[in-house]
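What TrEMBL says about this one:
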REGION    29-54  region 'Disordered'
DOMAIN    48-83  domain 'Exoribonuclease phosphorolytic'
REGION    90-126  region 'Disordered'
COMPBIAS  97-112  compositional bias 'Acidic residues'
COMPBIAS  113-126  compositional bias 'Basic and acidic residues'
DOMAIN    126-262  domain 'Exoribonuclease phosphorolytic'
Amino acid sequence: MTLPTPPQPLTFPALTFAKLAPRPFLTAHLTSPSGPLRPSGRLPSQPRAPTCNAGSLTHANGSAVVRCGDTAAVCGVRAEILKVDDVAGYEGREVEDGGDEDGDEDGEEDEEERRSEEREPKRRRNDRDDLARLMLLVPNIELATGCSPAHLPGGPPSVLAQTLTQRVMRLLLTGDMIGLEPLRIWFRPTEGAAGATGDERIGGDGGEMEARRAGDEDGIAKAEVKAFWVLYIDVLFISLDGNAFDAAWFAILAALRDTLLPRAWWDADREMVLCSDEVAEAGRLVVRDVLVPLSFGVFEGEGMGVGEEGREEGKGRWVLVDMDGFEEGLCREEGTVVVGEGGRVVRIEKSGGLGVGVGEMTGLVELAVKRREEWMRVLGML
């Protein structure tokens, strides 16, 4: 006689439980007796490990592919020329020629260096103003690539994509990461395309050459900025599983550090900018500082009933850094901390609540400093 099969207990896979009751599912992980662990196995203060592959796109001036967990993005930087004549109402500031000149004496060099350090804060403010006014940094973030079920290909730019683009733009302009000098294209009367000087330079007319021989300073053309490099920064998400801003910024940072700008000069005869085809003459874009963001969210458990001691279980609040897509849908309060060299706090963004106090924010800044060291190791800077 065949014995009846005992009934199997009703169980659900973890993924099904997460879809049916996401908040209790996350609460159960964070209130585990063995310690708070997220469904991904990370601690609340543990971000995902980043990876980076720079120079992936051969047709771009700079590029990078980055990955943080299941979030992956590719960034390409394309440099184009903007002539000052094409800028409506352009009024150039008085700037020093970026060319190299030898000082006369050590004392004069020291005095000039001291004055240059005193002028540096004002110069950087002017650079930020000109970068914004001339729109020399143009980021764009594309999510309609099928990177997630919420962002199908072929659709219009989503609210998230536009918000990310604006946040990246603000950080590029206020973070003082890119200076204006590497983007200037100069016309130097004493320097030609092949390094010629004096009468042999390109663009010298007869009247100016005669003035140069006679030592007439008023008749000699002076160095001036004739054009700028405009950097178009495009980010495409291959896969999106939360924390899009950090991944997009990491891709932009790696691509900017990989960017090469051709040697360019102004040809006065043709009234146009010429560029050298020699790769060896191209210059690496100078990135002043490595700015690293750390995004976080505050998860509040709604409780899982009364426990044995009469206390409500599952009631609590946890700060989760580098959230994945599942966790982002459960956190009402979110924010981002951006730090630079020496632990300098560049920017703090927060929205959705008042759960994060001064003590927790201090801890997040310390985590951001550690995150910056991790990024620099991935970029090969440590």
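Glycine is no exception: its Cβ is also placed from the backbone N, Cα and C atoms.
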Residues from the same chain, set at least six apart from the ends of the domain 'Exoribonuclease phosphorolytic' (48-83), whose C-beta lies under 8 A from its own: 40, 42, 134, 136, 185, 226-244, 246-248, 250-252, 254-262, 264, 273, 285, 322, 324, 374-375, 378-379
DSSP-assigned states of the region 'Disordered' (29-54) in counts, ordered helix, strand, coil: 2 helix, 5 strand, 19 coil
